[in-house]
Every structure is written in C-alpha cells, then in structure tokens.
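Per TrEMBL, the features are:
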type: DOMAIN; residues: 13-60; note: domain 'Glycine zipper-like'
type: TRANSMEM; residues: 17-36; note: transmembrane segment
type: TRANSMEM; residues: 42-60; note: transmembrane segment
Amino acid sequence: MAEDGSSRQADKPSQNGVAIGIALGLPFGALIGMLFFDNIAIGAGIGLSLGIAVGAAMDASRKR
C-alpha cells in the first residue's frame with residue numbers, strides 16, 4: 001500500500017513556484033531597494049510581492 005501512494009506522488013508535478021518566487025524575489029528586491037530607494041525594507045516588500053505573483057503564475061501555468 002505504501003508503494004501505491006508514493007507512485008501517485010511521483011506522477012504529480014511539483015507545485016513550489018511560490019516558494020521559488022519568494023526565495024528569489026526577496027533578495028533581488030532588497031538589492032533593488034538598496035540601490036534605488038536607499039531603504040532595504042521597501043525593496044524587500046516589492047520583491048516579495050512580485051516573487052509571490054510570479055511564482056503563483058508559474059504554478060498556474062504548470063497546472064494546465
């Protein structure tokens with residue numbers, strides 16, 4: 001029975017686009033914030049928001 005459940009998991013595509021978007025958007029946003037706004041928090045917030053949006057879009061496009 002355990003093998004049956006694991007084979008179903010292997011057929012399912014990975015849905016971690018939001019995690020990748022957060023992991024990449026946060027540092028790149030912080031860098032942009034330091035360069036353009038001289039405030040790391042503003043850039044991190046912008047990068048986090050964009051990362052979540054791009055990651056969710058990647059997950060949605062993979063679902064089809």
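All positions are counted from 1 along the displayed chain.
Note that Cβ sites are derived from N, Cα and C of the backbone, with glycine treated the same way.
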- Message: Averaging the per-residue pLDDT over the domain 'Glycine zipper-like' (13-60), what integer do you get?
- Response: 93
- Going by DSSP, how much of the domain 'Glycine zipper-like' (13-60) is helix, how much is strand and how much is coil, in residues? 42 helix, 0 strand, 6 coil
